[in-house]
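Below is one structure, written out as structure tokens; comments come after it.
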Amino acid sequence: MRRSDYLVAIDIGNTNVTLGLFQEGVSRPLESAHFLTQKGLTHDDWMVKYEVLRTRWGLKQISREDVVVASVVPELNYEIRHMFEKYYEREPVFLQSLDVPLEIHYDYPREIGIDRLVNVYAVAKEYPGRDALVIDFGTATTIDILKGGTSYEGGVIIPGMLTSLRALTERASKLPHIELLLPSTIVTKNTVDGIRSGILHGHGAMIDELVSRITVELGWENPLVIATGGLSKVIKQTSHRVNIVDTHLMLKGIYYLWMNDA
């Protein structure tokens, strides 16, 4: 997997495609960017987007960069692979669940989204030996369990905040487009802020209660609770149980897997 001193890590999610540039030995991305996930784009379309990043990031001065991809959108995989092979003579590596060196205690390991395992692996590398709950606020909100820094123990899947908002606004014709901004109070005086408060404070309260119940069920004392994903910084303000927010967790997990393959 590792042939170069530089890595382009790509996280293909249901909402966004996120890219990060890493240098060997530095676990935080030197650069990062994201695009909306658009299933209808061709490899030529993706090349135009990537070429802008190559120029901005100075990749044209690098003789060769490795490309490692974690994707939960199979429809995009062919176009992304073909783009790198056709225009850059790169053979991107698409991660599979078996590539992640964790003990996996799950009924059907191949069913686990690679994003969930990569997030957990990043926490295992950054916080060795810790029990942790890894919460990703994406299209779905997932809570994944890391035991002792080595074992993946399953988790919980919940409709994400934007998914919930979209379901509500699409079924109620009088509701306007709503951006999820945190109101100054929980109790609000208008419909838009009421929906914002309900989703953001409601999600935060739900997360706190789930963390408490999971902690009791597992018999843990004080697990680390790490949040990632686009709305994680907002939820940190509505949750009492989130310890750490790391919006680059997924990209860092890809980096650690790349480094681990040396």
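Each residue, glycine too, has its Cβ placed from N, Cα and C.
Straight from TrEMBL, the features:
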ACT_SITE  Asp115  active site, proton acceptor
BINDING   Asp11, Ile12, Gly13, Asn14, Thr15, Asn16, Val17, Thr18, Thr139  ATP binding site
BINDING   Tyr106, Gly113, Ile114, Asp115, Arg116, Thr191  substrate binding site
BINDING   Asp136  K(+) binding site
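Structure coloured by features recorded in TrEMBL.
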residue	record	CB count, 10 Å
Asp11	ATP binding site	26
Val17	ATP binding site	22
Tyr106	substrate binding site	15
Gly113	substrate binding site	20
Ile114	substrate binding site	22
Asp115	active site, proton acceptor	26
Arg116	substrate binding site	25
Asp136	K(+) binding site	26
Thr139	ATP binding site	20
Thr191	substrate binding site	13
Which of Gly13, Thr15, the listed binding-site residues, has fewest other Cβ atoms within 10 Å: Thr15
Asp115 (active site, proton acceptor) and Thr15 (ATP binding site), Cα-Cα, nearest whole angstrom: 13
Candidates Gly13, Asp115, Asp136, Thr139 (recorded positions) - the one closest to Thr191 (substrate binding site) by CA: Thr139
Among Tyr106, Gly113, Asp115, Arg116, Asp136, which are recorded as recorded positions, the nearest neighbour of Gly13 (ATP binding site) by Cα: Asp115
Inter-residue Cα distance where the pair is the residue listed as 'active site, proton acceptor' and Asp11 (ATP binding site), in Å: 8
Residue among binding-site residues Val17, Asp136, Thr139 with Cα closest to the Cα of Arg116 (substrate binding site): Asp136
Reduced DSSP assignment, Gly13 (ATP binding site): coil
Residue pair Ile114 (substrate binding site), the residue listed as 'K(+) binding site' - Cα distance, angstrom, rounded: 13
Inter-residue Cα distance where the pair is Asp115 (active site, proton acceptor) and Val17 (ATP binding site), in Å: 12
Recorded substrate binding residues, Tyr106, Gly113, Ile114, Asp115, Arg116, Thr191 - maximal Cα separation rounded to whole Å: 42
Candidates Tyr106, Asp136, Thr139, namely the binding-site residues, that fall within 10 Å of Asp115 (active site, proton acceptor) by Cα distance: Asp136
Asp136 (K(+) binding site) and Gly113 (substrate binding site), distance between Cα atoms, whole Å: 12
Separation of alpha carbons, Tyr106 (substrate binding site) and Asp136 (K(+) binding site) (Å): 19
Listed in sequence order, residues not in Asp11, Ile12, Gly13, Asn14, Thr15, Asn16, Val17, Thr18, Thr139 with Cβ within 8 Å of the centre of the ATP site Cβ atoms: His34, Thr37, Val72, Val73, Gly138
